[in-house]
Every structure is written in C-alpha cells, then in structure tokens.
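Participant: This is the structure I want to talk about, given as structure tokens.
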Amino acid sequence: MCDMGGLDNLIANTAYLQARKSSEGDAKELQKRRKSLSLPPPDVSRNEVKETITLDYQSICVEQPIGQRLFKDFLATVPEYKLAEDFLEEVKEWELEEGSAKEQLMEKLVSRRFKEPAEGSLNFLGKDLSSRIQQAQSKDMPELILLAKDSGNAFLMDAPFQDFQNSPFYDRFLQWKAFERQPINQKYFYEFRILGKGGFGEVCAIQVKNTGQMYACKKLDKKRLKKKNGEKMALLEKEILEKVHSPFIVSLAYAYETKTHLCLVMSLMNGGDLKFHIYNVGDKGVEIKRVIFYSAQICCGILHLHSLKIVYRDMKPENVLLDDHGNCRLSDLGLAVKVKEGKAITQRAGTNGYMAPEILTDEDYSYPVDWFAMGCSIFEMIAAYTPFRDPKEKTSKEELKRKTLEDEVVFPLPTFTEEAKDICRLFLAKKPQNRLGSRTNDDDPRKHAFFKSINFQRLEAGMVDPPFVPDPSVVYAKDISDIADFSEVKGIEFDDKDAKLFKRFSTGAVPISWQKEIIDTGLFDELNDPSREVTGGGNSGEKSGVCSIL
C-alpha cells in the first residue's frame, strides 16, 4: 500500500529544499518581478518620512545597513571624510587580528598614518593627541590608537553627518525608508512546509517573492491566543524581538496579521535545533569542541538580552537553532520578560529540568535564572541528559524539583573536561548570588577557562569557523506527519480591544532586518543602478503607493 504520509513529506521537503537553492540565485520569475520594481520619487519620500526619522548618527549611519552603506558612499566624495573612514576601517581590522599578525598590522598602521610623511593628515586627532602619538613608544601605541579611533568616530558624528543630511545620498536613504514602510501581508510570501508547532500555532518556511530570501514564519492563531489569554504575551514577544539585534539571537524581519493569525517572520535556521543534534545525529551528545563553540555563542546571546534588561527564561537546547553555516542563535522569546526598575519577577516560567531553584521555590528572581539554565544546557550537550534527571529511568516532577534544590551535580562521563565540570558547577550554584555571571556586577562567563580557545571579538564579528556545518541536502525537522494538527477553536469572538492589539502587532518590516535582506539579495545595488530600466507587472495585484518590494 502507498504510504501517503511519506509521499506528502517527500513532496514538502523537495519543494522546501528547492526554494532554499533558488534563493541563492535569480530564477526567471524572480528576475521578472524585480524588473518591475522602483523606488518612490525623492519628493514623495521626503514628504512621507523625513519628519518621522530621528536624526541619530548611531541609528542611521551605524545600525541601519542601508544608512551605513549610503553614508560610506557619501564619505567617499569628500577626501577629508574618506581619510577618516579609511583610518577607522584599518583600526577595526587591527582590533580583530590575532598574534603576530596583529603586531604587524599595528606597525603598518602607525607607519602609514602617524609617521612622517603620513598618507594624509588626520586633522580630527587634535594637537595634543597627535603629539602624544609622535612621541609614544611601541608599548603605549595600542591605547593611543584606540583614543584616535574615538576621535575619528566623534569627527564623523559632527560635520560629516550634518553634510550627509543635505546630500543626495540622504535623499536616497529617505526613498528606501519610504519603501521599507509599505504594508506587508501574506501575499508578499510563498509558503512552504511546516517546520514545527507550538502552543499557539505553527512555524512554516516562507520565501519573499521579490527577493528570494527564506524565513521562518511563526503563525499564532488569534482565537487560540484569546482563548488562552496569550494575546499580550504574543505582543510582548514581538516587541522584544524588535529591540534585539544580535548575531546570536534570531532576528525579526516582519510582523503582520491575516484574518486568522498573527505572523512573526524570523531568521530561518536550516540546521535544526541543538536538542535534535544531541539525540538524533550520530552518537548521543555533542563533541566537546562543538559544546564550547555553541556555549560561547549562547553566552553572547544571553548577555545581549541582559544588556537590554531582558530575562530569557527559556534557555534550553531545543530553543537553540543552527543556521546553514553551523552558527547558533537563541530562538522562541515567548517567555522573555523585560525587567522593570525596582520590580521583581515572580511569575513561574520556564521548562522543567532547566528552571533555577529560586523559580521552583516561588521566590523573586532575575537574570541569574538564565545562567542556571545555561549550566543545564552545557551538561546536556555533553551527557545527553539534564543534570538532575536520571538517565536510565523517568524522573517525576516532584523528584526533579527535589534534586534541583538539594543535590549537587555529578559528572559520570569521561567526556567532561575539568573546565567543563567547573563551569557547570558554577552555573548550577543553588544560590543566585554564587552563580557564574551573577557574583559581581562585572562577572563575565566569557572569561572562564572553558572558553580559553575562543576569541570573542572575532566570534562576534563572524570570523570564527564553526566546528560543524549542517548538510544542505537534509531537512532538520520532524516529518510533517509527525507534527500534530490543531483542533479548531470555537466560540471565540473578537472585539475592538482585540482589533487594537492586532493593529499594534502588525507593523510590517523591521528596519535593520529588512535593509540587510535588501543588500544581501542584491536588490539594493539593482535599484540604485542609474542605467536600470523598469518594466510593468510582477506585483501580484497588490495596491500600494509604490511598487511592492516584498
């Protein structure tokens, strides 16, 4: 007999893998669509968005990819400004280098920029700093280069930024901002196979029609949200995701609504979650060099959340996803919460086996709970079970709580290195004030010997090769037949209060993620080409003040 479930899964996987491949190059349909696109006229853009933009240098010229690109293009037109920008790029290259190569780069930088005859005058340094640099010994030079870097950045924030705002490059930035703000709905995407399900809906793979970019779409059922009082939680997750911009946390690209769902469009992580790799790929557990690499990236992600006054509350391998290259990101911020000044967190949240003692005893808690869960996750990556469960038989909820509160962690496997044992013990301290990451205000887990092989500056710059690269021909997700269907929710009606919340949720494209997509897929260069011709069609019937870009 024909296995229809297996056939459905094969068809879904084939379409999904084909879409992933096609996103790497322009198919005929994609080319046709892109030829119909054009930026709105400068006068329209200026009138629409100029008054709504905060003239903040960091936001426009550093954080927003299109703003950064256009600002660099502007700097290239003024020799003095270009000199400052080139110098800062050289300093950045020096900061990220290692060992003897770093020493050589410093010598080259000093010789080129500070010794007579220098290649252009760095006027922004000022007489005092210039004099100190000229008289400095080699051992003092790194500190002085960083001071020169600060002076260079301060210079670009002043006259160059003001001049940029009066240039055609800024007008072009406003055109892109107008494009960015057009309404988004489900017609802008192709939808592919379901990747998983959660408490309020499903996650499926989608593709932006006019760029080919692949994403994961978390579709939250409106009726199910209302029935379970989850509407505010969905809005909070969306608002937190908007604030987060880290290579170690999934990025939110779009937020929109359909008649039945609230949709969060986020980074598509094709490599599967760490739980899958621990239990389903090869021998159980993950080799130690991968554990160190993933743990380093996870630490960076958690520290980024904490810097924004956000407690994650659901750190576990299942919520850590791998991308095509083998880098990992934190996902599912549905339980994340913003810490309010002077207000304690008391609500119990998390997953059994990863919850800290202070959550289990219903005490006030804060950031240290994430570090406890981090310790559980490192242990699980190595041992293929969590530290307070019995690996050979099922542990009851009550026994798990007792062990978490009373038992010290033990390491029965030889795969635990001494550094791994130590970092687990420190993360799993019963009292939050004794826990690694929380002992003092500047207690940084990245300084632990467990991470001695990691250069975190290079890691954060994406310059460290992952120790494992997922197979691009494999779908790291359950068969669609294994993903249970939801039953229909009946008897739920929406009112004006619901409509207002849905509207707050549905804000369209998220600037940084959207701009990165436009640059990465080549659409930025294509639409900025002055010789480019625009043809009609390719808009799928959407009506907008400008041609649809998404």
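The backbone N, Cα and C atoms fix where each Cβ goes, and this holds for glycine too.
Annotations per Swiss-Prot:
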- 22-45: region 'Disordered' (REGION)
- 57-174: domain 'RGS' (DOMAIN)
- 189-451: domain 'Protein kinase' (DOMAIN)
- Leu195, Gly196, Lys197, Gly198, Gly199, Phe200, Gly201, Glu202, Val203, Lys218: ATP binding site (BINDING)
- Asp314: active site, proton acceptor (ACT_SITE)
- 452-517: domain 'AGC-kinase C-terminal' (DOMAIN)
- 531-550: region 'Disordered' (REGION)
- Cys547: S-geranylgeranyl cysteine (LIPID)
Participant: For Asp314 (active site, proton acceptor), name the DSSP secondary structure in the helix/strand/coil scheme.
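Facilitator: The three-state answer is coil.
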Participant: Determine how many residues of the domain 'RGS' (57-174) DSSP places in helix, in strand and in coil.
Facilitator: 98 helix, 0 strand, 20 coil
Participant: Taking Lys197, Val203, Asp314 as the recorded positions to compare, which has the smallest set of other Cβ atoms within 10 Å?
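Facilitator: Checked Lys197, Val203, Asp314; of these recorded positions, fewest Cβ neighbours within 10 Å: Lys197.
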Participant: Give the residue from the binding-site residues Gly199, Gly201 that has the most other Cβ atoms within 10 Å of its Cβ, counting over every protein chain displayed.
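Facilitator: Within the set of binding-site residues, the most crowded position is Gly201.
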Participant: What does DSSP assign Val203 (ATP binding site), in three states?
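Facilitator: The residue in question, Val203 (ATP binding site), is strand (DSSP, three-state).
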Participant: Which residues, in sequence order, are found in the same chain with Cβ within 8 Å of the centroid defined by the Cβ atoms of Leu195, Gly196, Lys197, Gly198, Gly199, Phe200, Gly201, Glu202, Val203, Lys218 at the ATP site, excluding those residues themselves?
Facilitator: Lys219, Leu220
Participant: When a 10 Å sphere is centred on the Cβ of Leu195 (ATP binding site), how many other Cβ atoms does it contain?
Facilitator: 23
Participant: Select the closest residue to Asp314 (active site, proton acceptor) from the following binding-site residues, measuring between CA atoms: Leu195, Lys197, Gly199, Gly201.
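Facilitator: In terms of Cα distance, Asp314 (active site, proton acceptor) lies closest to Gly199.
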